[in-house]
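What follows is a set of notes on a single structure, which appears directly below.
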Amino acid sequence: MAPLAERVSFLSEHIADTAGPTAGGILNATCGNVPELIIALFALHKEKMEILKWSLLGSILSNLLLVLGSSLLCGGLANTGKERPLDRRQADVSIGLLMLGVLCHILTLLSKYSNRTGDIISSSGSVLELSRLSAIVMLTAYFGGLIFQLKTHRQSFEQEDSSESTNTSDDDGSSVIGFTSAVIWLIGMTVLIAVLSNYIITTIEEASESLGIPLRFISIILLPIVGNAAEHAGAIIFAFKNKIDITLGIALGSATQISLLVVPIILIVSWVNGIPMDLDLNLLETGSLVMTVFTTAFTLQDDKWHYLKGFNLTLCYIVIAVCFFTIKALPTPKKVHA
């Protein structure tokens, strides 16, 4: 899965070159999230809701803490004293959208506890209805952000991106694959990822039992590391080259897209198919998401960056990983069909 994810990123990067820097970056992030989306769809098809939610949560945590943290750490060590100021415009947009996603998850969790009046079915239906309405709001916010970046305030983002794109093209040289070939190969890679994703979802519970590794840990930590392998490598490379704005675009853009595009799409697909999926991630998972977004926001509150910020984010990810590894005996809550 990891090599295929890297090839998808490589192919999408060449396709994105024809769309301009900002649109190309969004397209690149979209293709980079193909493995996570396919895994989520197969989990939904098999109605493995906990694995579905955990894998999507893990993708957000991995992008914000591991990908961004290790990139800042490695880039900061390689460019100590020479760090370029980061452009906070893109970070502000992404953090604001992520905050909205966090709010939707918190309200769903609180709604579950506030509606516990003894009627479990009524409470479950209320949470389900709130989740579906929140999914529409999240999608609206994501496309509003696209309009902001690609249309109404495009010049503000393209100014910085154009210079970065010029430098990148100078470093990389001419394209090694044509547009049509890239699209054909991308479709082929996506089919292979779909086959592997189906195998992963089918065998993940048996693997968890045979290896003695908690299912939560595999779903939240290991699966996203594999799916984000391409983004992780690319973000670190750009950080080494002191192109921190591209690194932020990769990490924050991918996390925002998972939170406000992939999650609502999966929720709406489940709604159409009559599968009761909601935004309730349970208390521990929701707390991890909230603290991750707030930690990232505080880390990027100014235009300065250095290796210590990346070190702190990476340590936060390690703490979360250890937490989910140690709770082996935590029972999985049963879902009540609305």
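Counting starts with 1 at the first residue shown.
Positions of Cβ are set from backbone N, Cα and C atoms, glycine also.
Just so you know, TrEMBL annotations are computer predictions that nobody has curated.
Taken from TrEMBL, the feature domain 'Sodium/calcium exchanger membrane region' applies to 3-150 (among others).
TrEMBL lists 54-73 (among others) with the feature transmembrane segment.
For 93-110 (among others), the entry in TrEMBL reads transmembrane segment.
Summarising the annotation, TrEMBL assigns transmembrane segment to 130-150 (among others). Tertiary proximity for the transmembrane segment (130-150) is limited to same-chain residues at least six positions away from its ends with a CB under 8 Å from its CB atoms, namely 22-23, 26, 90, 93, 97, 100-101, 104, 107-108, 111, 157, 256-257, 259-261, 263-265, 267-268, 271, 277-280.
The transmembrane segment feature in TrEMBL is assigned to 176-201 (among others).
Taken from TrEMBL, the feature domain 'Sodium/calcium exchanger membrane region' applies to 182-325 (among others).
Residues annotated as transmembrane segment in TrEMBL: 213-240 (among others).
The transmembrane segment annotation in TrEMBL covers 246-269 (among others).
Here the transmembrane segment (281-300) has long-range neighbours at 53-54, 57, 60-61, 64-65, 68, 86, 88, 91, 95, 98-99, 102, 105-106, 109, 220, 248, 252, 309, 312-313, 316, 320, 323, 327, 333, meaning same-chain residues at least 6 beyond its ends whose C-beta is under 8 angstroms from one of its own. The transmembrane segment annotation in TrEMBL covers 281-300 (among others).
Under the heading transmembrane segment, TrEMBL lists 306-327 (among others).
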